[in-house]
Structure formats: C-alpha cells, structure tokens
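All remarks here apply to the structure that follows.
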Amino acid sequence: MKQPTKISALQFYLMLFLSRIVVSITLNAQTVGDRNFLDNILSSLLLFAALFLFVLPLFALNRKYPDASLPAIAERRLGSLGYGISAIYGLYFVILNTFSLSLFLTLVMNTLDPVASQWSIAVVLAVIALYGAVKGIETISRASICIFTLFLLGMAAIFIALSPNVRLRYLEPMLYDGWEQTLRGFFVFAARCTSLAEFAVLMPSVEGKKKLGFAVWNGGVTAFLALLLFFIVSCLGEYAYLQIFPAYTLSAIAEIAGIQRLDALFIGLCMMTLIIRIACGLFAVSECISRVMRPRARTVVLTVVSALSVFLALWITADAKRAGVLFRTAYLLPLTALTGAVLPVLVWLIDHFKKERGSR
Amino acid sequence: MENLSEKLSENTEYIGGLFENAMDFILREFKIDGTSAALLAMDGLVSKQHVTIGILNPIMRTAVLQTDGRAQMEYIKENVLGAVEQTELHTVPEVLDRLMNGFAILMLDGCDYALAFGTQGFEKRGVDEPDGEVMQRGSREGFVETYQTNISLVRRRMKTPELKFEKVTLGEESHTPAALCYLKNTVDPDILAEVKKRLDACNLKDLLAAGYLTSYLERPSIFESVGLTERPDTLCGKLHEGRIGILIDGTPTAVYVPYLFIENFQTVDDYANRPFYATFIRWLKYIAFFLAIFLPGLYVGIAAHNPELLPETLLLKVAAAESQTPFPVTLEAILLYFMYELMREAGLRVPKPLSGSVSIVGGLVIGETAVSAGLVSAPSLVVIALTVITGYVIPKLYEQMAVLRLAFIVVGGIWGVWGILVGLTFLIFNICGKTSFKVPFLAPVAPFRLQDMRDVLIRAGWKTLAQKNHPVQSMPGAGKGEKRF
C-alpha cells in the first residue's frame, strides 16, 4: 500500500483554522440570534468542548489505522457499504463548497459591490482552489502557512485600528436573556464546522503532535471568535444586529494611519481563506474517490465538481428563497453531524465489534 | 571506425577525413628512426611552443632502438616524454574528445593506441570580479569561461579531500565538458543520483550557456529552482550546505541545486556584514520584492476600484492628477511600464556611444514631457519609477518580477484590491507547490521551522549560524514526494 504524503500537524491545523474561521466570521443576527452577540462566545466555547468529545472516535481510529482515512477504513471493514460512506463524505464536501461559495457571493453582493460580476468572482475563486487541490495537500498546507500569516497581520491591523472605537458600555451581561442565543449560535457554528469531516478524511496525511495541535487549534479558533464578537459588540453596539455581515461592517469603520475603511482588505483576506477552504474540500473529495479512480480521472472529476459548485452557488444566490434553504441551519446541521459524529462513531463501533468477534 | 588501427595511414586518413575543411586541424607527420609517426592537434587550443619544445624536439632527437610500433610507443612514454598529463587512447571518439580539449595526440605506425599530452594553450579571460554579483566585502574573484580555472577557484577555497569533482560531458554535438562538484560528507546521495540522472537525460545538441541546462534540472514554473552564480565563494557556501554544483566549460556561471526561494534574498555580503545590518538589508529586500510586484497593481486597484483605502489628502491629489490625463489609470500604468521596459531593453542592446541618447530620450522626453503634456499623471510615473527601482534590489528575481508586475496591474485594474489578493493566493499556491529536488521551494517558511528563521527573518551572528548548520536536504518537508494526482 502506498504511504500517504505527510504534512506536519502545524500545517494541518493552520489549514483547518482558515477553513473554519472563514465561515464563522460571516455570522449575523439572522443566523445566530439578535439578543446578545456576547452569548455566542459561550456558543463557541460549547463547540470547543463538543469537538473534544466528537473527535475521540476519530483519534481512536487513527491510532489503530494511522495510514487510512475513515472512508478507507469503512471500505476495508464494510466492503461495498463502505463505498457508500466515501460517497457521503464526497457529497458532503461538494455541498459545503457550494455553501461556502454561496455565502461569500452573498457577502460580496450585499456589501462590497452589488453590481459585481458574481460569475467572474466565483470562477476565479474556484479555478485557483482547483489549482491548489490538484497540486496536492502539501501545497495547500504550505500555502496555509503564508495565508495564515497574512490573515493574522490583516486582522491584527483591523483590530488595532478598531481599538479606539471600543465602547465598553455596549457590552451587556452574558446570558441576560437566557440560553436561546447561546444554543442557537452553537448549532450554527456546529453546522458550519466541517473540521471533523476534514479530520476523518485527511488525518492519515498528518504527522506530529496531532492531539496537542487539536487542542491549540480548537482553542485558537474559539479565542479568535470571542475576540471578533467582542469587537463587533463593543464597536458597533445595537447597529451590529442590523447588519447582514457585522464583521464586514466592523472592517469598514476601521481606520489606520490615514487609511480609511479596511473592508477591501477584509474581503481580500476572506477570499484568500475561502480559497483554502474550497481547495481543502476539493482535495478531500479527491481522497474520497482515490480508491476507485486513477489520478487523471480524479482531476477531471474535481474539475467537474468545481464547475458544479460554481454553477450551484450562482444558481442559489440568484434567488433569496433558494439561498435561505441552503443557509438554513436545520438542513446543514444533520449533514455535519452525520459526517462529523455519527459515521465516525459508527465505523469505530463496527471496527471494534468485528475485531472482538474475530478474536473469540 | 571505432578502435584505432595499427596502421597509421588508416588512422590519419580517417581522422583527417573527419576534419576535412577544418583549417584549425593540425596533422604533422614525421619519422622516428624510420617509423612513421603523426602528431595531431587543434590550432588555437594547444600551445605550439609547448608542443614543439615538450613533445616534438625530445622525440626527434632521441634514438629509439625498438622496431615494433608498440614497443617504440612504450619506450617514448616511459623514457622520452615527461608530460604530467599523458593518457593512452584506444578509440577514435577518445582521440576526438582529447583533441577538442586542447591535447596533442601522438600516433605511431604499428601501434594500435595513441598517446595524448596535456598541452592546452588557448586564450582565456583572466579572473575578474563578476559584474552581475558585485559585493562590498566579499572576494573580488569571479568564475571565468574555462572550467579548469573554475575548479581551481573552488578548490582553493575548500581545501578538503571531501570536495569531489566528477567529469560529465554535455551536448550531443558540442561535447561540452562539465564538472559536477559536491562535498561527499554533506551531499544527499539521492539528490546526487537524481542530478546525474537528469544530466544523463539532457538531449541538448549544444550547451552554450548555463541557462540551457536549467530546464533539465527543474519543472517549468515562473520561479527558478536552479541556482546560478558567478562567484566561487557563493558556490562554496552552497556546497557546504549539501548542494551540488555544476561547472560548465565555456560559461562563467555555475549552476547549483537544490535552490530555494529564500536564496534569492541572500547574498555573500549578508554574511560578511554585521548581523543587525544584514538583517535590515534582508528586510529591505523582502519589502522591495513586494513593492516591485504589487505596488503598481495596488495603485491601479485602489485608484480604480477602492479609493476609500487612501487617505483623503492623497486621494484628492491622485484624483486631481488623474483627471488631467486622457487614459484610464490601468492603461496609463501599462503604457508607462511598457515604455520603461522598452527603454531598459534599448539601454542594454544599444552600442555604448548611443546609450547617452537613450537616457536623455527616456529621462527627459518620456519622463518629464509626458507628464507636462498631460499624457500621464505624475503619481503614476512616481509609482512605476519606484517599482522598477525596487526591482533592482533583488536582481535574481528581475525576470519574474517584470512579468508578475504586469499581471498584477491587469488584475488590479479589473478586480481591484481583492483581485490582487486572490492573485497573490495563486502565486502562493504556485510557489508552495514547487520543490527543488524534493526540497520544498519555500522551505523553511512553508513548511515552517522556527530554528531556521535565524537566517530568514534575521541574519544571526556567525557563532549561532555555525553552531547548527543544517544541510539543505534536512529542510522541513524535504525528501517527501508530492501527493499529486
């Protein structure tokens, strides 16, 4: 069996950081609730704890089969049924790529430029992501280091620029209106968190301190979200709840050294991270089909998948109703739960059960 | 005819036939105590004085008692001629190869082999400071066109038996000799084997410059993963880090691999200067690299799509200047850039007496008059001028920067700042996806290793650098195959 290419845990978690953060920063009152954004810090903390729990079967499987992804283990243990699990993961990444692209196109249309050519933006993003995916996981993970650095510098500039605008009087006590906002935020964050599925598929490519990396990564994302929510509330106050994308509005009021409005920088950084997310998703799709297709055929499939995502994203964002369906947490959450929690537990149990029966 | 014949007439006729109409081919026939002999050489490649005094005179003045051709040759070899370089040749290709390399060949009737004597005496340029890699504190010696001299320049700096020079011949027609050099105790055998394999696969007819070889040593990409240097001290530094050098006869440029992106920003001067200053200069180069590629694109993108990013005073000035010009800012930037590149190319190719005129036309007519005539705006001119100057800070990347700069002007003009950032992402993917002999091109930045930042983000002092010197093959991520499909 050919050994998978290994990337370091640092590279992997930076890639996942970007992949997770780009969707999280598009939160708004419509999705996470309009009572108190600060409650969503607790939402992210809840997800922080939940991820520790749900990752356990994945770590257990990875410990036993360090060179096999969850779909590969499923195929090995379940035969033809395992191919169905690969298909579910593949399909999930296609849906999530479409979701991410649609979300970003909505952001561009509603904030940056309502008359911007959507198809050109979508095509450019998809083509670059495809290029990265075809180059391989090493390329994406290495690029993540560079983009993470730029992202960190850019966001630091935005936060520093915003610091004079912080008004502590806008901050309200957490859970003042009960747990509803917290729980709603938790489900939104959880639904949009593709990391467990990415873990399930890409884990064999990672070497190094995976568990420590996981803890740092999970904590880092939570801390970043908490910081973002703090700035949204303390700088925008009630205004934040009226904005379609408060994080974008936040960048638009930032001013540093005479340079006004850092929203273009923010959108640019979002695009860079989005490319990483889509490329990561595409590579995960290629991993799902890697056992049944030759490399060249996989490139063709990925090209088709990219084109499909672009087409679907454009079709969905053209109509508010369709977009509403895609962005609805109630539809997305079961899919994420299935790929991130249910299937890993199921495969782990089957593997455990079969082993026990065999040893009797 | 592959092997040399015992009959001298057959050998001379055959080789003479190969050199028909070659006026530089010398065939001097004479007798040694009644036995026919011939001396073959190439005019201009051998020292005639050396041949006459060192070979012909001793042979013709000596009495050779043996009558058999082979015995006569043995006698001459052992007792008459005392040349340091003296080799037996048994085949015609061997004879041709030595002839082309400035050897004199002695043949005797009745002997089925020839003797080659090292009598090189061709004209060559003296060791001089290379114009392309001028250093303030480093050595003033640069490589020359003769690879033997270059070998000696390297050997003089690395007096260790671990330093190896392996001869390779490149070019199907030119048969250019080259030396593969490496330090046996630091080189990675896998990389060495791969270099040899790729050189074997080189199907060039002629090898006239080091640049010919680079495409056989790397995958096509905008950034080069093969290093070129004209400085022996630079090559020695690279060999010390486990790299492999190739010295090619006829070119003063040495090739070395693996070559990493970060090396574009490193010069010998960095290591000769004080660390704090070298660190400052290195950061200056990083900034210059980004300015050289992105500044005009960002200027165009901001002016055309995202003016809100500019401070109000600057925005008003740019707007006022742009309102006076007939072209959109993107077109203006492209025109200015093209004009600059035209002038640069003309400046390079024009005969020296005319270069003054080119400067006057470029500086005065295009620069000042174009602005005063309102054809281009002063801010655009300033941006382009600043960009091209910053481009010269890293001369190794000039070609790449010239093309990328133009691409980013176009991208910035179409999509604005986000277009630039997306283009940057593409560039990052391109650089990150590249390897040089299985060493990630962007190492040690991506994959990242903090320890190596002492020669990337800063230039640490020699005490630190000398303490933990990693060879190139131990860079993070090195030696792993790319997972492509």
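Placed from the backbone N, Cα and C atoms, the Cβ positions cover glycine too.
Some features that TrEMBL has for this protein:
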type     : residues  : note
TRANSMEM : A:12-29   : transmembrane segment
TRANSMEM : A:41-61   : transmembrane segment
TRANSMEM : A:81-109  : transmembrane segment
TRANSMEM : A:115-133 : transmembrane segment
TRANSMEM : A:145-163 : transmembrane segment
TRANSMEM : A:215-244 : transmembrane segment
TRANSMEM : A:264-285 : transmembrane segment
TRANSMEM : A:297-318 : transmembrane segment
TRANSMEM : A:330-350 : transmembrane segment
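Where the transmembrane segment (A:215-244) meets the stretches A:81-109, A:115-133, A:145-163, A:264-285, A:297-318, the count of C-beta pairs under 8 angstroms peaks at A:145-163. Tertiary neighbourhood of the transmembrane segment (A:41-61): same-chain residues 24, 32, 70, 73, 174-175, 181-186, 188-190, 193, 195-196, 199-200, 203, 210-211, 214-215, 218-219, 221-222, 225-226, 229-230, 340-341, 344-345, 347-348, 351, selected by CB-CB distance under 8 Å and a gap of 6+ residues from either end. In this chain, the transmembrane segment (A:330-350) does not touch the transmembrane segment (A:264-285); fewer than three CB pairs sit within less than 8 A of each other, excluding pairs fewer than 6 residues apart. Only sequence-distant pairs (6 or more apart) were considered; of these, fewer than three Cβ pairs between the transmembrane segment (A:297-318) and the transmembrane segment (A:12-29) are under 8 A, so the stretches are not in contact.
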